[in-house]
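Notes for the one structure printed next.
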């Protein structure tokens, strides 16, 4: 199926015996190396030259309640972007989750913060605090993760049971919702036909929308 939604590759949800699916608008925060300054020739392309985090504010003060925070780390760093303290602050403010395109820490205690209303994902684990290599620099700016371009306000679907995250551009949301309704009907019908003994070839003929969905 051709789709305008994108997936973030290889995220790791927390480990537990029940699973959360959260759908929410995205707020972003970009980290830069601690020793990087705006005049540096090594400045990262696409990162604003001036920090937009207000003086006296921590980045956890900014994401609005009901959003999910996507944290973007400099490439190849080993530090963790969040742990139990960051998670607790975000949850207390009504943020629904934290997704790190980087590492996390405090695995056991962070797991206790998570419930059906708060989720945490990362790309790996670390025991090293953020400030050893990185500092928060810009909030609610576009980020690119792999081939996926993410803008503040885009919709994230983070499904712990399926171990997957999808990002839906906000201007494509209506189109994707229409496509999903058709796709779900086709998937359910195809599964039912296969359960009843039909061959895959015959079942797919019955439900061609399984592979090709066009919005109304």
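Any Cβ shown, glycine's included, is placed from N, Cα and C.
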Going by TrEMBL, 83, 84, 85, 86 bind substrate; tell me which of 93, 103, 105 is listed for that site too.
105
What are the other residues, in sequence order, whose C-beta lies within 8 angstroms of the center of the C-beta atoms of 83, 84, 85, 86, 105 at the substrate site?
80, 82, 87, 88, 104, 106, 109, 110
Fewest other C-beta atoms within 10 angstroms of its own C-beta: which of the binding-site residues 85, 86 fits that?
85
Cα distance (Å, whole number) from residue 106 (Mg(2+) binding site) to residue 85 (substrate binding site):
9
What Cα-Cα separation, expressed in whole Å, is found between residue 86 (substrate binding site) and residue 106 (Mg(2+) binding site)?
10
Please report the distance from the Cα of residue 84 (substrate binding site) to the Cα of residue 106 (Mg(2+) binding site), rounded to the nearest angstrom.
6
Three-state secondary structure of residue 83 (substrate binding site) from DSSP?
coil
